[in-house]
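Feature annotations, reproduced from Swiss-Prot:
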ACT_SITE  HIS326  active site, proton donor
BINDING   HIS140, HIS142, LYS223, ASP366  Ni(2+) 1 binding site
BINDING   LYS223, HIS252, HIS278  Ni(2+) 2 binding site
BINDING   HIS225  substrate binding site
DOMAIN    135-573  domain 'Urease'
MOD_RES   LYS223  N6-carboxylysine
Amino acid sequence: MTQISRQQYADLYGPTIGDKIRLGDSDLYVEIEKDLRATYGDELQYGGGKTLRDGMGSENFLTQEAGCLDLVITNVTVIDAIQGVVKADVGIRNGRIVGLGKAGNPSTKDGVTRGLVTGASTDAISGEHLILTAGGMDTHVHYIAPQQVEAALSNGITTLWGGGIGPVDGTNGVTTTNGPWNLEMMLRSIEGLPINFGIQGKGNSTGIAPLIEQLEAGAAGFKVHEDYGATPATIRACLSVADEYDVSVAVHTDTLNESGYVEDTIAAFDGRSVHTYHSEGAGGGHAPDLLKVVGQNNILPSSTNPTLPCGKNSVAELFDMIMVCHNLNPKIPSDVAFAESRVRAETIVAESVLHDMGAISMIGSDSQAMGRLGETFLRAIQTADAMKKARGPLPEDAPGNDNFRVLRYIAKVTINPALTAGVGDVIGSIESGKFADLVLWEPAFFGVKPKLVLKGGLVAWANMGDPNASLPTPQPMYYRPMFAAYGSALQKTSITFVSRAAYDKGVADRFGLQRLVMPVSGTRVIGKAHMVRNSYLPNIEVDPQTFAVKVDGVHATVKPPQSISLNQLYFFS
């Protein structure tokens, strides 16, 4: 058999088992652990003189109806919280992932994976020198402006979870869409936006009826926020309805400790599943020791990207953010004290360490309300790199690569938010049967700027050159909406998630919705143990005077980095 060098093979088909890929300008390196394409020398490849030709890699007679793929991504490196770091062909049909393995024509190729047959119905993406991830999910979004969708897609985020009705003061501070009329208007509005949505209703009600009517009107979950009163009674009432209707509850706790301390809020949870937003506390919540929630097995903790990674300017920018978002007045001493109580350098530094240990399970943005929606994926990878430089290799990492650490951070922005919201059976990972929301990255731009964003198996967003040019690549190159973002294709490639109650009551027909509408499920049985690669339950102590954080008795701190990877090299501003 003819042999070629490893370098020549990588030039032709991309890296394979044992090869390492540097992620951007970071110090993170992933190593391909497994090659799912069975054997070498029979690779499927698109192009002139390549193998994806009729009678060669392309099967002659199989129709799409009979199982021929719609799209194949060839020879791509997959980085996925469930699959690991693997080399594979990835097949897509009818907007769903068929599987990973070896694609092609079983009449001419050995070892073609069942279901991954290519033919006349199949188009191709050459993944040889690209990285494939699941589309990201931002679990903490204030729906302040519809243009947020453009920022999200430009960083590989394909699902938004939050609430609001636009740039009103309530939405500037709280991620809820309050009441049936507002929910209906938002469900109608997002029909034209090429991204998945889940809308949270206002959970701040000790009365049951206002909560139920929001679920029946299309809310996919609840958010309890201190600006509307995050009291133990409110939390208990909201969780009781959530238990009955199988929806998630997110909570922004009581910064001022007016209705109780962190221990009282934890007691109000009563062991029930709950998602704690910005669990460090700079974004809001019990001061100064909200971090204790990350040690509870029923609590699914996330934090938000403005403090990740903790850099030399992180603390300085937070005060003004808080004043604007929560309608505070710098001339009122109590308002200033409120803002200052949330900004604690020690707990902000500890937040990054706890992420690195897998104790905080998710990262969201807190979009336009202290966070940056277009940087969620970016901040995850930046934090992973900053922590490697500060703390060294993780115990779980194999010698010579950072696979476990990278996969831990990928899980924080893909599968764990999906599981928490009750949509992990539909999105969040690259698994057979899941919706084909996928992101392709050039390794040099990993986590920063994707090459292609697929929604439901069709390209929705891409870095595209001059449409009048002779090639796709001439300048000016910038992100533009693609065909999945137009016409009725948009409605077949993006999902609106709602409660089962709304789904069963025909919310799509009632409101004339044309998008795919799917119910959430399984939210009340999720605990910290279900958080992929991020299930650590430490004992947390916070010194009330110095705010120093101890994790299992050890001071959790690092020096804030003076420079951060994937940063100014990649952006003009």
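Glycine is treated like the rest: Cβ placed from N, Cα and C.
The number of other Cβ atoms within 10 Å of the Cβ belonging to HIS326 (active site, proton donor), over all protein chains shown, comes to 21. Just so you know, the Cβ of LYS223 (Ni(2+) 1 binding site) picks up 29 other Cβ atoms within 10 Å once every protein chain is counted. Averaged across the domain 'Urease' (135-573), pLDDT in this predicted model comes to 95.
In this view, HIS278 (Ni(2+) 2 binding site) is surrounded by 27 other Cβ atoms within 10 Å of its Cβ, with every protein chain counted. Note on proximity: of the recorded positions HIS225, HIS252, HIS278, HIS326, the one nearest ASP366 (Ni(2+) 1 binding site) is HIS278, by Cα distance. Listed in chain order, the extra residues whose Cβ falls within 8 Å of the Cβ center of the Ni(2+) 2 site residues LYS223, HIS252, HIS278 are HIS140, VAL174, THR175, VAL224, HIS225, ALA250, VAL251, THR253, THR276, TYR277, GLY283, GLY284, GLY285. Here HIS142 (Ni(2+) 1 binding site) is positioned 13 angstrom away from the residue listed as 'active site, proton donor', judged by their C-alpha atoms. A gap of 13 Å separates the Cα atoms of HIS278 (Ni(2+) 2 binding site) and LYS223 (Ni(2+) 1 binding site). For the binding-site residues HIS140, HIS225, HIS252, the greatest number of Cβ atoms within 10 Å around a candidate Cβ is found at HIS140. Within 10 Å of HIS252 (Ni(2+) 2 binding site), judged by CA to CA distance, lie the following binding-site residues from the set HIS140, HIS142, LYS223: LYS223.
If you take the C-beta of HIS142 (Ni(2+) 1 binding site) and look for same-chain residues 6 or more apart in sequence within under 8 angstroms, you find GLY162, GLY163, GLY164, THR171, ASN172, GLY173, VAL174, THR175, ASP366, SER367, GLN368, ALA369. Excluding the listed site residues HIS140, HIS142, LYS223, ASP366, the same chain places VAL141, GLY162, GLY163, VAL174, THR175, ALA250, HIS252, TYR277, THR304, GLY364, SER365, SER367, ALA369, GLY371 with Cβ atoms within 8 Å of the centre of the Ni(2+) 1 site Cβ atoms. Packing around ASP366 (Ni(2+) 1 binding site) is summarised by its Cβ count: 30 other Cβ atoms lie within 10 angstroms of its Cβ, all protein chains included. In this structure the alpha carbons, written CA, of HIS140 (Ni(2+) 1 binding site) and HIS225 (substrate binding site) are 12 Å apart.
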